[in-house]
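J.: Shown below is the structure under consideration.
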Amino acid sequence: MKTLLVLTIVISSFSATLAVSYKNGEEIEHKSLTLGEVLDGDRMAKSDYKIRFKENIQNHKLCDLTLSEQEVQYLREAVEEHYYYEFVINDIPVRDFIGHLEESGFVPHTHKLFLWTHQHYNIYYNEDKIIYVNVTKEHSPISLDDVEAPMTVKITYSVTWIPTKISFADRGHLIQDNSFFPRSLEIHWLSIINSMVLVFLLMGFVVIILTRVLKNDFARYNIDEEGRDEVDTDEYGWKIIHTDVFRFPERKSLFSSILGVGCQFLAVTVGIIGMALLGMFNVHRHGAMNSAAIFLYALASTIAGYVSSTYFRLMGGTKWVSNVNLTTVLFAGPFFLIWSVQNSVAWAYHSTQALPFTTIILLFIVWLCIGYPLTVFGGILGKNGVTEFNFPCRTKNIAREIPSVPWYRSHWAHFAVGGFLPFSAISVEMYYIFSTLWGREQYTLYGILGVVFVILLSVTACVSIALTYFQLAAEDYRWWWRSVFSAGSTGGFVLMYCLFYYLKRSNMSGGLQTIEFVGWSLLTCYVFFLTLGTVSFFASLAFVKYIYRNIKMD
């Protein structure tokens, strides 16, 4: 008995203008999608291809497609921009370009555009299981140059069934090794190794220098009173501000909320990378990472509420309810504002990137019934479990005057150094991630991503400790907020890279793509600020406690 196979066509969010129905005016039958697929802008619809198991087909007519002048122009632009289509058969993605571009740089210059009208599908099977599918072209394409509209195109296809000995359990390797997307694995690894060498040299330099300097500082500050009279009568440096260094910062609620949300994103990132390394995200699972990120963010709200409430109470805060509410909206507020603008523009352009009303309601329910209650629950745990900061020094009531410093030791210089060094550790990986998000590559090298993430955290901690030491050595005790902004300024460098990528590396244009890119770029930079700022503060806090615990106090 022959089984009818249904091919599903995926309509991408940025190619919605080119969605030409094969239904000859009939209503398209759409496939039920997961939350992640909807968020990814996918809209899967069942095609008119009639394919039966083990039944070869030769030059079968699919339809006669009549194209208007505007639709022909759309096709020309799509071919020039290398648009491709994607079919899904038995959870196997099949991709190919819709046309062909021939261009010559010699004189005379030629620029020819062609449309593929025939597809030949090779389906590999093992007994009653489909293992792999690819597409080839045997017919010559039709020219899109100097055609008169309206034009009628005959769309045909062929199917060849090929037996194979590859087992069904091993077909995932074939799907992941699809060579349709360009790969540069060797260059990727070489770039990452180069970054790792530079980062390790930087970390070694910071550790060695700080170790030697701290050793001299401890020897000078821990000298007994008789030796001190003979050696030095004046105190200076970071010991002299020991009565102010643990003075709590201003805007305690905002400060603790940043720490809470930063820890939340750290947990989400670790969870996503861990799930990816376990093989839970495959190229044929559309939107799986989007769904995982949403639910991990909701579940990690407990961490945000706990950390924020804990540090708020440790710093003497009393209005913990307001602090929990601020923690809840610290990221959700800007996200909702930017997303509202993006979704409105997508609706205006009739793009599939615009979320359906039911999906919007679902996301709101997830936040209202899971995210917000878990934030409150974590806040209650943090409020009730708090004790007190274990500071090695007491803080005086009157703050010490802070001396002036040259420009190269100012907070702006710290922000520049503290942001550039962590960004340099991820600059190579940023290209591949952006090519995945905004291009047509597929990211599968999650092991490299995990290594880069560890490097990023290590560099952030080292740079934060070094900058905090230089600040304290200049007798400036206001390290709390500066430690957050020192490494959090990496988000500013990421924003500059986003602008560079948009202007020099991408071919984006128009209102929809610009709004989408700018909106997600701003949110990405904000996440970098929250996450790395949190890592920077905790590293500086541990360092400050360490150095003041190891000196003698009067």
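Each residue, glycine too, has its Cβ placed from N, Cα and C.
No curator has checked TrEMBL annotations; they are predicted automatically.
From TrEMBL, here are the annotated features:
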SIGNAL    1-19  signal peptide
TRANSMEM  187-210  transmembrane segment
TRANSMEM  254-281  transmembrane segment
TRANSMEM  293-312  transmembrane segment
TRANSMEM  324-342  transmembrane segment
TRANSMEM  354-374  transmembrane segment
TRANSMEM  412-434  transmembrane segment
TRANSMEM  446-467  transmembrane segment
TRANSMEM  479-503  transmembrane segment
TRANSMEM  523-548  transmembrane segment
J.: Do the transmembrane segment (446-467) and the transmembrane segment (254-281) come together with 3 or more C-beta pairs under 8 Å, pairs six or more apart in sequence?
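T.: Taking Cβ pairs at least 6 residues apart, the transmembrane segment (254-281) and the transmembrane segment (446-467) are in contact, with 3 or more under 8 Å.
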J.: For the transmembrane segment (254-281) against the transmembrane segment (354-374), do we get 3 or more Cβ-Cβ pairs below 8 Å once near-sequence pairs (under 6 apart) are dropped?
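T.: They are not in contact.
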J.: Same chain, outside the transmembrane segment (324-342) by at least 6, Cβ under 8 Å from its Cβ: which residues?
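T.: Answer is 253-254, 256-258, 260-261, 265, 301, 304-305, 308-309, 353, 367, 371-372, 375-376, 379, 515-516, 519-520, 522-523, 526-527, 530.
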J.: Decide whether the stretches the transmembrane segment (354-374) and the transmembrane segment (293-312) have at least 3 CB pairs under 8 angstroms, with pairs required to be 6 or more apart in sequence.
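T.: Judged by the Cβ rule, the two regions touch, with the required three close pairs present.
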J.: Take the transmembrane segment (523-548) and find every residue of the same chain, 6 or more past its ends, with a Cβ under 8 Å from one of its Cβ atoms.
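T.: Same-chain residues near the transmembrane segment (523-548) but 6 or more away: 214, 217, 238, 242, 245-246, 258-259, 261-263, 265-266, 269, 330-331, 334-335, 338, 390-393, 418, 422, 456-457, 460-465, 468-469, 472, 479-480, 483-492, 494-495, 498.
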